[in-house]
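Visitor: Below you'll find the structure I mean.
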């Protein structure tokens, strides 16, 4: 009996029964644009995952003037779950992903920041794994990866999979980032690390995520990885178009020339 008690006490506070340290708080930044159909479900899944794991959290919704009523849905979610758990911090118009994170961090009270897509491409069930990984290695960043272990992509046609794999391969060759999924956007950061990286980054749009990892390598931040399943959005239209692809290629060449 005594040995069992000693064994329980010797474990870290976050390990037993899936519980996590209450002194740590995790702020989820959810930038949204035309996500009225997806937002209620992703928030419900987040609340469920955090509650079941005993994780101290808040969800910050940064809506960029969505014309489809996303802001109205977000206001209802604040009433349902409480203003201490759901914070709506909207902006008047679409101003870019990087500035959305900056805006959200101004209101974040957690010592860790989680960034993810609001379109159900990233399942909150992986978040406890992110946290465990961070604790195990004391990492500055934990990144979800589609290209390692049992990670993968679901719902894409062959053409899009080839484009994604090709883009990731090229970035690995040119930038050598020290992470297997450079363009992913499901990550956990120490708050002060994310603040420092955003100060250093100059890219916008989809290139922003790529530059974050490249700058992290330059600043000698440690990166852990968790394999994830990326699922293509169920509702709404993808925001990745021709302009975004051109911007990605320009951004890649800029990073190659400056890092």
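Backbone N, Cα and C define each Cβ position, glycine as well.
Relevant sequence annotations retrieved from Swiss-Prot are reproduced here:
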type	residues	note
MOD_RES	2	N-acetylalanine
MOD_RES	3	phosphoserine
BINDING	31, 33, 35, 62, 64, 117, 118, 119, 146, 233, 239	GDP-alpha-D-mannose binding site
BINDING	119	Mn(2+) binding site
BINDING	119	Mg(2+) binding site
Visitor: By the DSSP assignment reduced to helix, strand and coil, which category contains the residue listed as 'Mn(2+) binding site'?
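Guide: Its secondary structure by DSSP: coil.
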Visitor: Can you check which residues sit near residue 31 (GDP-alpha-D-mannose binding site), meaning Cβ under 8 Å from its Cβ, same chain, 6 or more apart in sequence, and list them in order?
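Guide: 62, 63, 64, 97, 100, 101, 104, 118 - these are the non-local Cβ neighbours of residue 31 (GDP-alpha-D-mannose binding site), listed in sequence order.
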Visitor: Please report the Cα separation of residue 35 (GDP-alpha-D-mannose binding site) and the residue listed as 'Mn(2+) binding site' in Å, rounded to an integer.
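Guide: Pair distance, Cα basis, whole Å: 7 Å.
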Visitor: Give me the CA-CA distance between residue 119 (Mn(2+) binding site) and residue 146 (GDP-alpha-D-mannose binding site), in Å, as a whole number.
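Guide: Distance (Cα to Cα, whole Å): 17 Å.
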Visitor: Say we define neighbours as other CB atoms within 10 Å of the CB. Which of the binding-site residues 35, 64, 119 has the fewest?
Guide: 64
Visitor: Which three-state DSSP class does residue 31 (GDP-alpha-D-mannose binding site) fall into?
Guide: strand
Visitor: Got a sec? Which of these binding-site residues, 118, 146, has the most Cβ atoms within 10 Å?
Guide: 118
